[in-house]
Amino acid sequence: MGSNSSPPAVLQLCYENVNGSCVKTPYSPGPRVLLYAVFGFGAVLAVFGNLLVMISILHFKQLHSPTNFLIASLACADFWVGVSVMPFSMVRSIESCWYFGRSFCTFHTCCDVAFCYSSLFHLSFISIDRYIAVTDPLVYPTKFTVSVSGICISISWILPLAYSGAVFYTGVYADGLEEVSDAVNCVGGCQVVVNQNWVLIDFLSFLIPTLVMIILYGNIFLVARQQAKKIETVGNKAESSSESYKARVARRERKAAKTLGITVVAFMISWLPYSIDSLVDAFMGFITPAYIYEICVWCAYYNSAMNPLIYALFYPWFKKAIKVIMSGQVFKNSSATMNLFSEQI
């Protein structure tokens, strides 16, 4: 009498014939191709979109401003996420294996954390910049100079790189979790297990700047509403050239603040699920299913691809700069001094 039971599934390993290899749990062909397309598109957009932002701001002299230099540096951080983090995380997420070695796993994790915090620092300084620009637009050029912007950029790179290097190359993040760490660190894996103390520090490092940005942008839009009422009042009277100039400057700064406010909101929405998930896992015993964790991770990664899309939607100068770059006009000697703004202020 024949048996109806199916043969047992063959256990797949990341490295066949290697002791201590991680178990491989690959997707079926259809979802696998779809995931490579979705994740790959995000990586390509993060690389080339942010490269366009950097080229635009650094090439066109009209865009050389303290705020735009901060935006270019933010784009640089997102660019490196697309180059050094997303492609390798894509393979790990889809193949459920890490094929790039233990040393590169540590380097990859450092880059992941450093560029995330670099983005957060940049957005915090941009929020301060916009707050000063909107609340005191005429004094702003003397307060937030290119030199000040350079200091902010330096801080936004040096502190995150030093922090991530110190934490992940010393191994302090796993103190007290040696047994758990040994259990998940099989050959072909790149899972970082972080103890409660460091997860709490990371969460507060995300939460505190986020709350500061929310407060700053809340004040920005309150001031913007007051300015709009004043401009409407002035518009109903015979306005002097000085009042007209103030109104145009205020209008420009409000528009810039709105666009960058959207960028901040996008960052918060992208990173909040991952931050909460990390906190829950650390204090609840790593209970999050793998697929939920991957969704949270890739929501965070996709933030690096979103900023160029936001700029393209809300910044006419960026659209024009893209056309000039893609058409090859950027190689003309006169392109650096080209006017990218349709209206004068």
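Cβ from N, Cα, C; glycine included.
For reference, Swiss-Prot has these:
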{"type": "TOPO_DOM", "residues": "1-32", "note": "topological domain 'Extracellular'"}
{"type": "CARBOHYD", "residues": "Asn19", "note": "N-linked glycosylation site"}
{"type": "DISULFID", "residues": "Cys22-Cys186", "note": "disulfide bond"}
{"type": "TRANSMEM", "residues": "33-53", "note": "transmembrane segment"}
{"type": "TOPO_DOM", "residues": "54-68", "note": "topological domain 'Cytoplasmic'"}
{"type": "TRANSMEM", "residues": "69-89", "note": "transmembrane segment"}
{"type": "TOPO_DOM", "residues": "90-107", "note": "topological domain 'Extracellular'"}
{"type": "DISULFID", "residues": "Cys105-Cys190", "note": "disulfide bond"}
{"type": "TRANSMEM", "residues": "108-128", "note": "transmembrane segment"}
{"type": "TOPO_DOM", "residues": "129-147", "note": "topological domain 'Cytoplasmic'"}
{"type": "TRANSMEM", "residues": "148-168", "note": "transmembrane segment"}
{"type": "TOPO_DOM", "residues": "169-202", "note": "topological domain 'Extracellular'"}
{"type": "TRANSMEM", "residues": "203-223", "note": "transmembrane segment"}
{"type": "TOPO_DOM", "residues": "224-259", "note": "topological domain 'Cytoplasmic'"}
{"type": "TRANSMEM", "residues": "260-276", "note": "transmembrane segment"}
{"type": "TOPO_DOM", "residues": "277-282", "note": "topological domain 'Extracellular'"}
{"type": "TRANSMEM", "residues": "283-302", "note": "transmembrane segment"}
{"type": "TOPO_DOM", "residues": "303-345", "note": "topological domain 'Cytoplasmic'"}
Would the transmembrane segment (260-276) count as touching the transmembrane segment (148-168), i.e. at least 3 C-beta pairs under 8 angstroms with sequence separation of 6+?
-> no
Region pair the transmembrane segment (33-53) / the transmembrane segment (260-276), three or more CB pairs under 8 Å = no
Using a Cβ-Cβ cut-off of under 8 Å, list the residues of the same chain that are 6+ residues beyond the ends of the topological domain 'Cytoplasmic' (54-68) and lie near it.
-> 75-76, 79, 126, 129-130, 133, 144-146, 148-149, 256, 260, 317-318, 321-322, 325, 330, 335-341
Closest-packing stretch to the transmembrane segment (203-223), where packing means Cβ pairs under 8 Å, from 69-89, 108-128, 260-276 | 108-128
Expressed to the nearest Å, what is the distance separating Cys190 (disulfide bond) and Cys22 (disulfide bond) at their Cα atoms?
-> 10
C-alpha spacing of Cys105 (disulfide bond) relative to Asn19 (N-linked glycosylation site), in angstrom | 19
Is the topological domain 'Extracellular' (90-107) packed against any residues at least 6 beyond its ends, judged by a Cβ distance under 8 Å, and which are they?
-> 14, 22-27, 32, 35-36, 39-40, 43, 168-169, 188-190, 294, 297-298
Intrachain neighbours beyond the topological domain 'Cytoplasmic' (303-345), with Cβ under 8 angstroms and 6 or more residues off its ends | 42-43, 45-46, 49-50, 52-53, 55-56, 59-63, 71, 74-75, 77-79, 81-82, 86, 115, 119, 245, 248-249, 251-252, 258-259, 262-263, 266-267, 270-271
